[in-house]
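What follows is a single structure, written as structure tokens, with notes after it.
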Amino acid sequence: MATNYIFVTGGVVSSLGKGIAAASLASILEARGLNVTIMKLDPYINVDPGTMSPTQHGEVFVTQDGAETDLDLGHYERFIRSKMSKANNFTSGKIYSEVLRKERRGDYLGATIQVIPHITNEIKERVIEGGKGRDVVIVEVGGTVGDIESLPFLEALRQLAVDVGREKTLFMHLTLVPYIPTAGEVKTKPTQHSVKELLSIGIQPDVLICRSDRAIPSNERKKIALFCNVPERAVISLKDVDSIYRIPELLKSQGLDTFVCDRFRLDCPEADLSEWEQVLYRQANPTGEVTIGMVGKYVELPDAYKSVNEALKHAGLTNRLTVNIKYIDSQDIETKGVELLHGLDAILVPGGFGYRGVEGKIRTAQYARENKIPYLGICLGMQIALIEYARNVAGLTQANSSEFDKDCPQPVVGLITEWQDESGNVETRSDESDLGGTMRLGAQQCHLIEGTKAREVYGAETIVERHRHRYEVNNTLLPQIEAAGLKVSGLSADRKLVEIIEIPNHPWFIAAQFHPEFTSTPRDGHPLFAGFVAAAKAYQDSHKA
């Protein structure tokens, strides 16, 4: 079967939920037996989001093969079974960087390098390459139609539609249909103008997804269809819902998947969304609730911890519990004290970079350890737990990470200086290395030690989890810390790097160097988060008595 392409654009305003809409459509098509993948094209000039501020851009999602990508790829993986890779996300910066590299190498034989055709050709080549072997490729373009930054991408997709044939392509445009309370009606004019903007660059949308806080009335849908030159059945009303996992059924109920299959002349069975119905049932019928404190550095923007937030919700679904997340700035722990942690059922310390707020995180780990509160540390959350234990239990009173104190006399956490990359080449790092693309990234095997809590939680001897870090446990000082009672429960495949630590005489204290949140999904959850939330409920129950 030849590959079919769905191009997703947004208009009127940003943050309409293009990624969620694209992922929801993909999940329906996948449920119809189609081989689907999703790509995200980001117009910013950064090569990737790896060095962008989490409080501006949100989290960096890491793929199996180690790509640092937009958080929308996390949505994609949570909605469909297909895994994302480096091919599923690229930016203007990456495109320009590659074109300039080819120009320096002489690939263009002295031609004058221009946006058209060189930049647009590079975009088209990457879209085609990323979609090889798929029945349907959904391509989301970041930003809003009318933005200068998006123009090369939109032009490339317009050309691609001509190249592969309009019968193999479909343009899906998300717009805002606002409700004006004083008029008592929704307004379609912004949608009409957004489509007009698309038409001005040569793109006629085939489907309109109309975002609103309420269902779009039939007469307004007819009006949109008439003035935007699309069939009425292709005007889809997408109202605000209480759960993003309700959107696949909402789109299916309006026949969007049928319209797509008809357009591409695909003969495939009806979608079975029973798994999503189970997710929604568990979400709507909890048997209790727990409150988990997330002590982080970027809590002013919850999207900085998007995958962690979702993984906690998934663990709630697994345990039939509502998970309430209380965000606490680790700097506030330093100034206001651990009283901010009172009343929590469990504590989670997520990843982060830099010294700011670290002592607050260390005090948080100490509070959880001393008060027997369930604790889950992720990445930096593991490193600070190790530092705390080394200082206050193992007698290494000057313990720290070389990330925070280069002259630390007891560096229990240090820079990884050498390892093999995915090609088998030895890579070397130093304090002077670039920040971008210089971490241990992607899926790595981890060996779990027999008789540990981690082994019990996972129920397996070997697991695969994704990493994003450049600092690791210093094995030189590890024996003294282990002698004081800390247990290493997970090691890298070569048994050289510490991946998981735990405290045996604590009800539930586990910290991992990797990022388990990146592989959690609403349908399957994740064992580490499921065990953590179950421990939170057990702690809550024991303190009610």
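Numbers here mean position along the shown chain, with the first residue as 1.
Cβ coordinates come from backbone N, Cα and C, glycine included.
Swiss-Prot has this to say about the protein:
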type     : residues                                                                              : note
REGION   : 1-266                                                                                 : region 'Amidoligase domain'
BINDING  : Ser14, Lys187, Thr188, Lys189, Pro190, Thr191, Gln192, Lys223                         : UTP binding site
BINDING  : Ser14, Asp147, Ile148, Glu149, Lys187, Thr188, Lys189, Pro190, Thr191, Gln192, Lys223 : CTP binding site
BINDING  : Ser15, Leu16, Gly17, Lys18, Gly19, Ile20, Asp72, Lys239, Asp240, Val241               : ATP binding site
BINDING  : Asp72, Glu140                                                                         : Mg(2+) binding site
DOMAIN   : 291-542                                                                               : domain 'Glutamine amidotransferase type-1'
BINDING  : Gly352, Leu380, Gly381, Met382, Gln383, Glu403, Arg470                                : L-glutamine binding site
ACT_SITE : Cys379                                                                                : active site, nucleophile
ACT_SITE : His515                                                                                : active site
ACT_SITE : Glu517                                                                                : active site
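What Swiss-Prot annotates, mapped onto the structure for a quick look.
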{"residue": "Ser14", "record": "UTP binding site", "contacts (Cβ under 8 Å, 6+ apart)": "Gly143, Thr144"}
{"residue": "Gly17", "record": "ATP binding site", "contacts (Cβ under 8 Å, 6+ apart)": "Leu174, Arg211, Leu238, Ile244"}
{"residue": "Asp72", "record": "ATP binding site", "contacts (Cβ under 8 Å, 6+ apart)": "Lys18, Gly19, Ala23, Lys40, Phe61, Glu140"}
{"residue": "Ile148", "record": "CTP binding site", "contacts (Cβ under 8 Å, 6+ apart)": "none"}
{"residue": "Lys187", "record": "UTP binding site", "contacts (Cβ under 8 Å, 6+ apart)": "Val177, Pro178, Tyr179, Ile180"}
{"residue": "Thr188", "record": "UTP binding site", "contacts (Cβ under 8 Å, 6+ apart)": "Val177, Glu220, Lys223, Ile224, Phe227"}
{"residue": "Pro190", "record": "UTP binding site", "contacts (Cβ under 8 Å, 6+ apart)": "Gly11, Val12, Thr175, Leu176, Val177, Pro178"}
{"residue": "Asp240", "record": "ATP binding site", "contacts (Cβ under 8 Å, 6+ apart)": "Ser212, Asp213, Arg214"}
{"residue": "Gln383", "record": "L-glutamine binding site", "contacts (Cβ under 8 Å, 6+ apart)": "Gly377, Ser401, Val413, Tyr471, Val473, Gln513"}
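Met382 (L-glutamine binding site) sits 48 Å from Thr191 (UTP binding site), taking the CA atoms of both as reference points. On a Cα basis, Glu403 (L-glutamine binding site) lies 13 Å away from Cys379 (active site, nucleophile).
The two recorded residues, Glu517 (active site) and Gln192 (UTP binding site), have Cα atoms 40 Å apart.
The residues near the L-glutamine site, meaning same-chain residues not in Gly352, Leu380, Gly381, Met382, Gln383, Glu403, Arg470 whose C-beta sits within 8 angstroms of the mean position of the site's C-beta atoms, are Gly351, Phe353, Cys379, Ile384, Ser401, Val413, His469, Tyr471, in sequence order.
A strand conformation is recorded for Glu140 (Mg(2+) binding site) in the three-state DSSP classification. With the fewest other Cβ atoms inside 10 Å of its Cβ, the least crowded of the recorded positions Glu140, Glu403, Glu517 in this structure is Glu403. Cβ packing within 10 Å was compared across the recorded positions Cys379, Leu380, Met382, and the lowest neighbour count falls to Cys379. Among the listed binding-site residues, namely Gly19, Gly352, Gly381, the Cβ with the most fellow Cβ atoms inside 10 Å is that of Gly381. Residues Ser14, Lys187, Thr188, Lys189, Pro190, Thr191, Gln192, Lys223 are listed as the UTP binders, and the farthest two of them sit 23 Å apart at their Cα atoms. For Arg470 (L-glutamine binding site), the Cβ neighbour count at a 10 Å cut-off comes to 17, with all displayed protein chains included.
Least packed by the Cβ count within 10 Å, out of the binding-site residues Thr191, Gln192, is Gln192. Summary: among the recorded positions (Lys189, Lys223, His515), the fewest other C-beta atoms within 10 A of the C-beta are counted at Lys189. Comparing C-alpha positions, Gly352 (L-glutamine binding site) sits nearest to His515 among the recorded positions Ser15, Lys189, Thr191, Gln192, His515. Of all Cα pairs drawn from Gly352, Leu380, Gly381, Met382, Gln383, Glu403, Arg470, which the record names as binding L-glutamine, the longest spans 14 Å. Nearest by CA distance to Gly381 (L-glutamine binding site), out of the recorded positions Lys189, Gln192, His515, is His515. All chains included, 9 other C-beta atoms sit within 10 angstroms of the C-beta of Ser15 (ATP binding site).
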